[in-house]
Each structure stands twice: as structure tokens, then as C-alpha cells.
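Listed in Swiss-Prot for this protein:
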{"type": "DOMAIN", "residues": "785-825", "note": "domain 'EGF-like 7'"}
{"type": "DOMAIN", "residues": "866-908", "note": "domain 'EGF-like 9'"}
{"type": "CARBOHYD", "residues": "Asn89", "note": "N-linked glycosylation site"}
{"type": "CARBOHYD", "residues": "Asn349", "note": "N-linked glycosylation site"}
{"type": "CARBOHYD", "residues": "Asn845", "note": "N-linked glycosylation site"}
{"type": "CARBOHYD", "residues": "Asn936", "note": "N-linked glycosylation site"}
{"type": "CARBOHYD", "residues": "Asn1275", "note": "N-linked glycosylation site"}
{"type": "REGION", "residues": "247-282", "note": "region 'Disordered'"}
{"type": "REGION", "residues": "478-552", "note": "region 'Disordered'"}
{"type": "REGION", "residues": "1188-1219", "note": "region 'Disordered'"}
Amino acid sequence: MPGPRGAAGGLAPEMRGAGAAGLLALLLLLLLLLLGLGGRVEGGPAGERGAGGGGALARERFKVVFAPVICKRTCLKGQCRDSCQQGSNMTLIGENGHSTDTLTGSGFRVVVCPLPCMNGGQCSSRNQCLCPPDFTGRFCQVPAGGAGGGTGGSGPGLSRTGALSTGALPPLAPEGDSVASKHAIYAVQVIADPPGPGEGPPAQHAAFLVPLGPGQISAEVQAPPPVVNVRVHHPPEASVQVHRIESSNAESAAPSQHLLPHPKPSHPRPPTQKPLGRCFQDTLPKQPCGSNPLPGLTKQEDCCGSIGTAWGQSKCHKCPQLQYTGVQKPGPVRGEVGADCPQGYKRLNSTHCQDINECAMPGVCRHGDCLNNPGSYRCVCPPGHSLGPSRTQCIADKPEEKSLCFRLVSPEHQCQHPLTTRLTRQLCCCSVGKAWGARCQRCPTDGTAAFKEICPAGKGYHILTSHQTLTIQGESDFSLFLHPDGPPKPQQLPESPSQAPPPEDTEEERGVTTDSPVSEERSVQQSHPTATTTPARPYPELISRPSPPTMRWFLPDLPPSRSAVEIAPTQVTETDECRLNQNICGHGECVPGPPDYSCHCNPGYRSHPQHRYCVDVNECEAEPCGPGRGICMNTGGSYNCHCNRGYRLHVGAGGRSCVDLNECAKPHLCGDGGFCINFPGHYKCNCYPGYRLKASRPPVCEDIDECRDPSSCPDGKCENKPGSFKCIACQPGYRSQGGGACRDVNECAEGSPCSPGWCENLPGSFRCTCAQGYAPAPDGRSCLDVDECEAGDVCDNGICSNTPGSFQCQCLSGYHLSRDRSHCEDIDECDFPAACIGGDCINTNGSYRCLCPQGHRLVGGRKCQDIDECSQDPSLCLPHGACKNLQGSYVCVCDEGFTPTQDQHGCEEVEQPHHKKECYLNFDDTVFCDSVLATNVTQQECCCSLGAGWGDHCEIYPCPVYSSAEFHSLCPDGKGYTQDNNIVNYGIPAHRDIDECMLFGSEICKEGKCVNTQPGYECYCKQGFYYDGNLLECVDVDECLDESNCRNGVCENTRGGYRCACTPPAEYSPAQRQCLSPEEMDVDECQDPAACRPGRCVNLPGSYRCECRPPWVPGPSGRDCQLPESPAERAPERRDVCWSQRGEDGMCAGPLAGPALTFDDCCCRQGRGWGAQCRPCPPRGAGSHCPTSQSESNSFWDTSPLLLGKPPRDEDSSEEDSDECRCVSGRCVPRPGGAVCECPGGFQLDASRARCVDIDECRELNQRGLLCKSERCVNTSGSFRCVCKAGFARSRPHGACVPQRRR
């Protein structure tokens, strides 16, 4: 192959130049030789068969030669040197589509595909093209919107499925050419940076469409030139360029040119799986982004290409400026070097831009409907909502403040003529108001910026926030339709050249096809009539074409040919405006209908001439309120009259009007000094003599005060009267000063009338303030001595003697004088220790007395001595006891068979235990007579089980304290057992287990299943309930107290469960216990019957786990059950109660007597359910592991609850079975590898692992009152109990501690 080597050698200097730039250049020469590609179409003209009409490709052959030249740069001490060497050639030959079409070299891979993929498609295999979303067909030549048309033009061609239809597809090369006669040589140049340490991201690939020669044009089909797809796999930091070097055909030979550049990016290329981050819409002055990102994660291209201004993961970055310069006609969207997609689009591949579906981004149009448009989106808010500041969510409208609306503002800035109805500021200022609010806030002047801010639609219109529609148009431009009649209708642009200049590319508009090189990326477009929607502001214009449905945007101040942007067709469905905007007609009914909607208006409204909105009928044009009498306010469907001052509203058959108000009909309107004269719209007051008109609102006639004139009464006091005045002489204590006034006489300055005391002058008189011990005389003009002894409130417990200005006290015996010497206080003799020895000293007035405690007497008046009751009365405690004296009392020591009475002062016969009486649960309860557990029971049955007292008719004998001598005497075998003297075994009385379930019935296990055990009982509750030992019943578990049960929802507790209400469209996931969106819902793997066999599948968030039945154990992954390899690896088998019955409600009954069994042992006997959860046993013979020889045990211990002699102890039998097991207070359980000690409930193993010790629940589990709220916790053997605090007792009906009533 000398030709290719020579071509390669010719390019070596260029590659050395690239190496001088610090890059590694790899030059690959591709010799693409295609031979004998041809075929025919049955039924087609003969003339077309020679051209290779559209039959299937009969055979194909190509040959690729790779001649690499490897260059590298070496730098030392600032001096760099380039060195290149020739690599070994590689040749690839493919024939009939069966050979390998891929070659791999060091750091690169080249794929040659002869299939011509059109419209930006990529050849993914030898017989398939990977098409963009808007095209289909085998060669991506059919638009997705229709079967015909596209880049290849209309007419016969390929169908959507890719099968050949009537027509012709030219071959890739003319038929009959050979390898030597015609070929094209291209150079594929891969430029890469030197690799760094470690392995980088996976390799990228670049695809190129290489033309082999000119195409053919026919009347029916416009075919592209013969092409071949070349794909180069290269490192991600590399760039790929393709150069055409030479061609053996002299006509098509051309100098080396740059073809299909693939520029090297300025930053490392992202991996195939693009990262997700936070999208921000707002920016701060000194920060790249705000503090409130959109919810969820998005890709950078989706964020920055649509609504975002900044994006980032751990750090926020501003979105880069778009370098978009325009995209050409419909079909493949091809951009120049460094070009970006337009706003609202992202790059699909190297040749296509795809619309960004903003509605799929989380957080867009929350609480509203999102409509995706090509390059934008639209938010439609429901009634009562409007778009928020971020333009991405609908927020509820806040009610605006309503206040007075004033029709007039005076020059003195006073508000006048308020309307009777309170209005919002916008509704006031946009209609007839001049000022608004309690502070008389002026409305902005019409035409100013402030007026446009609150009244954007002008005078007479206001914004209905529930109808606001926001539409994104182009480069983040927004239009808010506030027209009262709806959005403006689109206007038809004139098509004359004088009004609309044609674009520069006139050939494409006229549909003329040119044969241009592939590098120019030109396509054919047929012209169609255009209809342009022109917004009111200079936003980019939206041009729509009927076929194909494309959109073109024009930026302001630029010619259409430079700013036009064509976007790939997007399917748009018809929008039901009546459904999306429920109040679109206002006061009317929206009627949908083709092509648009119409409005049927309510009474009082009329349809706008454009029939897009219902407007109110303005009744005020006829001046129904009367000229000059009031202001007519038009309202929705009616009108109101706001009458001026002096007029009133009149409602008659003709409507509302303003009539004159006769103010003079109101009595005393002008006061008592005048009379009223009525005028139209006002009135006037005329005053009588002696009165004058007062300037007030309303004006009245007021009296003239003649006494203000000093000359009215020169020798006396002037007294004003209505309409006149009167002169009066001065009173005693006053002197005339002339001018009609009297002046007070100061008596205190003329002498000392108040000695001993102080004189105080008063108007017309004076007053004496006397010293202590003195009081004013009856006339108040002197001071007299006070006799304090006559008052009787001084010198208590003493004798009083009066002195001038004071008094003296002489105290009686047992009293002493107080500190203020005003009375006598008692002496507390009890403060002296010897006053009352051995008793209680009680102080009295003037003396004291000594009280001795019971059983003592007073000796000598100051000492208490014990009384010996036994010596004084020898008959005490007889005849069944002896008296024993105590300090202050005595007790009886009773004979055998007798017991002391409750007061310890007598002896009574001990009740025999076989007597049957009532058993009481709570002896301390205030209503303990109602706490009867059972009747007709013996004292042993009551006190040896659950009883706290035993007796008849509320005469209760307390049960002996547990572990006391009396308890062991009554219950020798402990709790849960009773003696039966009628049955003996070798002289020893038999012990019978107390069946608490039968004895007390439902009193001890309400809402549950009571199961008798030996000893004691167990209460099994349904799922969702727990057993309350204080209330002796099953109580519903409030799952809502645990917030993790219903995350992101509203939890509602139910009996036995709970309900989690989620906000649609979210649904509740029981596995994750939270409300999740449909995309986040967990897949329940346990729905597969084969999961976890033979065990139970437990679904987990995003996974599941297996609970295996012994002897099966979970596998290493936890998602299957396996048999252990050795007996030592088998899981220990758990033992529990075995049930003989299991109902349809899932409740078990009839526990089998005897010790607890494993699941297999229970189900292999006669069990139907196992465990506290009533796990069902499998059907008989359905894969059972039961041995055939196993049968139900008939031992006496298993079948009868009656135990002769002592019941077998677990620890004794364990020691007999295994010498190596020691288990005190527990039982030995055989396990693989040896027996272990297992403790009963309420016990735990100690450090030696051989003894079961009681768990102190009150100390370990009662933190913060979790066990006994507001009660005292008392630990018991294996359990605990809650006891009410002092002064409280438990209420039987409710089980709560209530204050104890005193009797």
C-alpha cells in the first residue's frame, strides 16, 4: 500500500506542529474503498436499476488502512524537543458484512460502518442506526411526527419501520467502480494530553459522517451523498479531527480541508452517567447562588439550560453564559465550534439539541399544573393560588387588607366622602378612589410608575390573582396577561416585502436545492405561510408553521436571518382552557368548543366583543343617582349610589337614587338657643338673643357667657344663665374684689386657731390638722384631746389610763407590754422546756395546759407518765391471749389458732382457708368493694394468685405479704399453687395449679386470650395491642407516638393499628413506613412466591431479608435459606406455647399442656398454631418434616394440670439430663455443642452464666416513668407492679390513681 504511506508521510510535518503544542498526535489514514454496491426494485423502471434503485444491499466491500504517526514532546531545563516515529500499519477488509469492522490500537479504537445514518443518527451496528427522538426509520430519514417528509424531502421513500417502499435509494458508490478506479482518503487525527498517574474515566467516542462522493437527485427522492460512518474511541481528554487528504477522482479532488471538527473541551469531559446536583434560581450579591435550591437533584444541563442560574453539588457555581449563535433549519440541529443550545434545550448529541422537560424537574409548578412547551414551560395555578416569586410554585393568595376608600382629598390633605364599602387598595385606587386607608394614603397618579404597579391594566380594571398565567418565552422572558378580556389574539403579519423583509437565505425559503459540501451542513426547507404572535413588549417573536410544526424565535433589533432559531418539532396536544382555568370567563360560564372557548355571561354582565371574557354593564352612564347628589359606583352585575352629605340613599322601583335629607326633622339639631331651616343638601341654624352660632360639626347655638365681661357684676359674683346672667353677693369667707369677682379670706394668716395643730386654708373657710393624741372639734376650727381609753381598742388584757395627748397600759398576770406599748401580749409559757415533760404543751391566753398522749396521765401538772393497762385491768386479752404493756398502749399475744384483731387489743379465731368468699384485686382502692375479681373462692385460691384481699360484703382480710411467714403458711408452694388435702401421695398433700383463667374469667385478660401456665397465666393480645398488668386488659398501642411509622404523612391511630394519610400523588409504603412519590415507591420483593423458600420474606426499603425456619439458616447474602454445613452452625430452636386451635380471625385457643415446644414439635403433634403471634402450622402432609414414628406424648405431666407432690423443677431435671449444665432458677436447654441455661421472663443470666437473677425493671426500665407514670414502681420476682403514691388509690373501672376518700 504505497499510496496511503505516502499520504501519511505528507502529513507528518503537520502532526509535528501539533506535537509542538504539547499534545500527542495520532494520525490514522482511512482508505475507504466500496465496491459493487447495487440492487434493484421489483416493478421499478429499467432505467433506474442501473443507478442502484432501492433494493436491499446485495454485497459490500470496504478496505481501511491505518498508518499511525506517533509524536511526543520532551522538555528539559526549559528547552522542549519534538520527536515522531512511524507506527505499524493495520489493515481492515470487510466483505458481505461478515468481517470485523473494528480495529483497536494503543489508547484508541476505530469503528467503520458503511450504513448512512441521516439527521444526526449514529450507526450502532452494521445494520442499525441509533436515531434522535424526532426521527425514525432504518436510516433516521423519517420524522417522528409523520411518515413522510423530513430531510430527505417528501414523496416515495422508506417507511417508518425501515422497510423499503416504492422509490429508489441511490447506492453508496456508482456501480461497477473498482478499488483502483475511485476512492477517497481521509485522515482521522486524535490529539490527547499525556496520561496522568492512575486510570482515568472510561473512553469516549466520536462519530463522523464521511462523504464518499456526490449524491444523486431525482424528482421523487432527495438522497444524501454516499457516506460512511466512522467512530473513533479515544481517551476522554482527547479531541478528534477529520481531514480530507486526497481523492483518486480528478473531478472531486480537493486540497486538504477541515471536516466535522470535534473541538477539545476546555475542561475534562463528564462521565457517561452525568452527576446530579442542586439547582438554584436566585443569586446573592456576593455569592453565586441563594440559600433555597429547588427540591430534588437535577443534571447541570437541565438546570442551566432552563430555569436555573446556578448549580452545584458540594459547592455552588454560576451557570455559564450561553454561546448560542443560532441553529439552522429543521432536521439535524448542527452548531458551530463552541456553540450552545438555545434556552430551554440541551444537547442530545454532537448534532442535535433536545427540548428540556421542565415539568419533570422536581419543584417546578408545585401546587399547580405544569405544561411543557418547546423550549419553555407554563404554570397554571388553581383558583385561590398565584405564582410565587420563584415562578416555580403556586402559593395560596393572602387576603388583602380592606379599609375605607375616599372619593376626595381636600387641599389641606384631609380625606372626604368615604365609600360605604371597605375595599382593597388596588380595587380603590384602580376605580374611583383618591385616597385609601385609615391614614389617608393617597392613590398614585394615573400614568405614573406607581400607578402601573398596582393597576397594570389601567383605570377600571384590577388583577384577579387566580387567573394569572405565566408563560416563559425564550431567554427567561415572562409575559403576564392582565387584559380584562383575556390574552390578546395573534395578529397576522403582512407578507409583502415592504413590510416584512425576507431572510438572507432566499434559496432555502423558495425550496431550491443546492449540492453543497457536507462541511457546510445545509439542508432543504420548503416555504409555508407563517402566522406570528406579536407580544406587547419587545420579546423574541414566536413564529409557528403549520407543517412541519416548528417554532422560530427572533431576538429584538436583529435581522430574522441572524437571530432565527429553529427547534426540532415537538408534539403539542390541544389544551382545554376551561378545565385548566376554571374562572377564565369571570362572571360567566366557559363553554369549550373548536377552535377555542366562548363565554356565556351572568345577568348584569355582557360579553366582550371578542367573546373571551364577561365584562360588567356600566349602569352609571345614565346617572341613576341624580346629578350632583352622589357618586355612582358600578359593581359586578349592578351599581351602588354613594350619596353626598345632605342626601340619603333611596331604593325604589326605579332603582337606587339620592334624595334630600331633611336634617331639621331631627329634634334639637341647633340646640335650645336656635331653630333649624332646611335647604336642598344642607341646613342652617338661626340663634335667639343671648346665643351665638358655634363653629362645630354640626353647628349649634351656644349660650353667650356674659360673666366673662368684668363690668357685668362690679360689686358681687356674676352667675351666667342660659341667654342671660345674674349678680350675687359674696359668700361668708369671701370678700369682693370688684369687677364682679369674690376673693377668699385666709383665716390661717390672721391668727392660730388650731393649736396644738396646723391650720390649712380652704376656699371660703379653713381646716385644722391636729397633732397625735388630739382631734378636730366638731366645727373643725380647734383641736381637743382624745381619750384613747374610751375607744376600747387599746390596752387589751390590761388597764388603760388616759393622759394629755396619749395613754398608759397596766398588764394583767400572764401578759407583758408590747413594744409599741399600745396593748398587752400573752406570755408563751410553752417556750420553757420544763413546762410539760412527756406531753404536748398548749399555750392559752394568760396561761397554758399540758396534754398527755393516749396511755399516759398528768402528774404534778407538768409531767406525763405511762399508764399500765395490763395492771389496771387483768381481764384484757382473755380468754385466748395474754396482755403485754407497751409505752402508751398494750398488745395481745394470742394463743395458737388465734390471731390478733386489727387493733391488736383482742384475739380472734383464724379463718379456715377452705371457706369460700370474695377475692378483691386492690385493697387500697377507695372503691375497693367494686374491685372483686371472683366470688366463691377460697383464701388460698385468692391470696396465692392475684388477690390482695379476701372476705365478704366489703369486710376484707388483707392477704399476707409475699415471702412472709404468714404467706408461706397459707401458700407453701408459692404463687400459683394451692393445696388439696383430699388427695395425698405417700402422705404428702397434693398441689394443684391455680387456673387463673378459669377462676377469674375475663377479669384478668380483657380483649385477649388467657392461657393458664404452671404457675401463673399469660394474656395474649392481638397484633397492635399490649397487655397492661395494672388494668389487666389488652390496651391498644398508639403507633402514632412513634414518628417513624408515618413519615411525610398524617398518622391516625386505629384499634389494633394505624392509618397513614399521604398527600397525593404520594402513597404509603408499609415497608419504609413513610409516604413516597410513585418514583420512590419500594418494590416488594416478597411478592415473589419463590423468595426465601423455605422461610419467611421480610421486605426492606430497597431490599429484603429472609427469616429462615430451623434448621435452615440465612445465606451469606441474607436473601435465601440454606442448610448449615455442620450441626454446630445450625441456629438454636426457640420454644413457645403450642395451640390446639386456630380460628379464622387469626386468634389461637386451647394451649397444649406441658412445657413449651419448638415449631416443628408443636406442628408435628396436634398443634394448629405456635407462639405468641399464633403462627399457623402448615397443612398435614404438605412438605412436613415430621418423623413418622413421632406421636403425641401421653405422660401424666403433659396432659394433666394436677401435680401430685412437688412439681418437677427445671433445674433438677436439667442436672439429671446433663452433668455439664448448671442452671439455678432456670432450665437447661440442649443445643448443638452443649446445653445452655435459659431463664424465664423477668430474669436474666448473671456473670457465671449458670444462675438466673431477677431483673429490677423499676431501676433499669422505669427511666422517665416509662413503666409507671405518676406512680411508684415496686419490683417483684420476675416482674414489677405500679403502686399508687400516698393519699391515692387505684380506680377499678379505669385503673388510674385517684385521691383517696376519707371515711
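If you go along the chain as it appears here, the first residue is 1 and each next one adds 1.
The backbone N, Cα and C atoms fix where each Cβ goes, and this holds for glycine too.
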Task = Mind checking which of Asn845, Asn1275 has the fewest other CB atoms within 10 A of its CB? They're the glycosylation sites.
result = Asn845
Inquiry  = Which sequence-distant residues neighbour the domain 'EGF-like 7' (785-825)? Criterion: at least 6 residues beyond either end, Cβ under 8 Å.
reply    = 756, 771-775, 845-847
Ask   = Hey, what's the Cβ neighbour count for Asn936 (N-linked glycosylation site) at 10 Å?
value = 9
Request  = Between Asn1275 (N-linked glycosylation site) and Asn936 (N-linked glycosylation site), find the distance joining the two CA atoms and give it rounded to the nearest Å.
outcome  = 30
Task = Tell me whether Asn1275 (N-linked glycosylation site) sits in a helix, a strand or coil according to DSSP.
result = strand
Between Asn845 (N-linked glycosylation site) and Asn349 (N-linked glycosylation site): CA-CA distance (Å) = 112
Ask   = In Å, rounded, how far does the Cα of Asn845 (N-linked glycosylation site) sit from the Cα of Asn936 (N-linked glycosylation site)?
value = 61
Task = Write out how many residues of the domain 'EGF-like 7' (785-825) are helix, how many strand and how many coil, based on DSSP.
result = 4 helix, 18 strand, 19 coil
Key: Residues in the domain 'EGF-like 9' (866-908) grouped by DSSP into helix, strand and remaining coil   = 4 helix, 18 strand, 21 coil
Remark   = In all the protein chains shown, the tally of other Cβ atoms within 10 Å of the Cβ of Asn349 (N-linked glycosylation site) is 15
Task = Using DSSP reduced to three states, classify Asn845 (N-linked glycosylation site) as helix, strand or coil.
result = coil
Ask   = When DSSP states are folded down to helix, strand and coil, where does Asn349 (N-linked glycosylation site) land?
value = coil
